[in-house]
Amino acid sequence: MNYKVYATGNKIEKFYSDAIKEYQKRLNRFCNISFTNYKNPQQLPKQQIDKYYKIGILPSGKSLSSEELAEKIKELELSAKTDILIVIGNEEIPLNESISISPMEMSLGLASTILFEQLYRAYKILNNEPYHK
């Protein structure tokens with residue numbers, strides 16, 4: 001799987017960036033994943049976006065457990081949707097679906113960190129590896 005994670009909004013605090021980098025490093029054994037923070041939605045490279053299956057992270061999106069997220073990843077792989085764009089903090093891009101980390105509003109850095117942690121957890125589940133529950 002190839003993931004691009006785009007976060008749009010204010011700059012992300014260093015401690016969140018450090019946590020995201022750590023999860024990126026851990027995820028590299030399961031998938032290819034990149035993270036880019038854009039100050040505003042107009043900076044998004046729209047010409048590249050069309051080839052991706054687009055998932056938005058929104059408070060109003062569908063709630064998933066860690067196991068359900070793992071199953072969603074498996075379904076995407078089986079349906080040959082291997083280029084995934086995950087967008088945090090932007091509702092202007094047409095999405096294929098949206099999921100929720102929480103119905104509460106949270107900072108862009110926290111939402112991004114939680115997303116990376118949950119992706120890591122999902123891959124540990126898919127590979128039958130232990131992970132704290």
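Here the Cβ of each residue, glycine as well, is placed from N, Cα and C on the backbone.
Per Swiss-Prot, the features are as follows:
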BINDING   I55, G89, I101, S102, P103, M104, E105, M106  S-adenosyl-L-methionine binding site
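Cβ-based neighbour count (10 Å, all protein chains) for E105 (S-adenosyl-L-methionine binding site) stands at 7. Ranking the binding-site residues I55, I101, M104, M106 by how many other Cβ atoms lie within 10 angstroms of each Cβ puts M104 at the bottom. For G89 (S-adenosyl-L-methionine binding site), the Cβ neighbour count at a 10 Å cut-off comes to 19, with all displayed protein chains included. Counted within 10 Å of its Cβ, the other Cβ atoms near P103 (S-adenosyl-L-methionine binding site) come to 10, all protein chains included. In this entry, I55, G89, I101, S102, P103, M104, E105, M106 make up the residues listed for S-adenosyl-L-methionine, with the farthest two CA atoms of the set 18 Å from each other.
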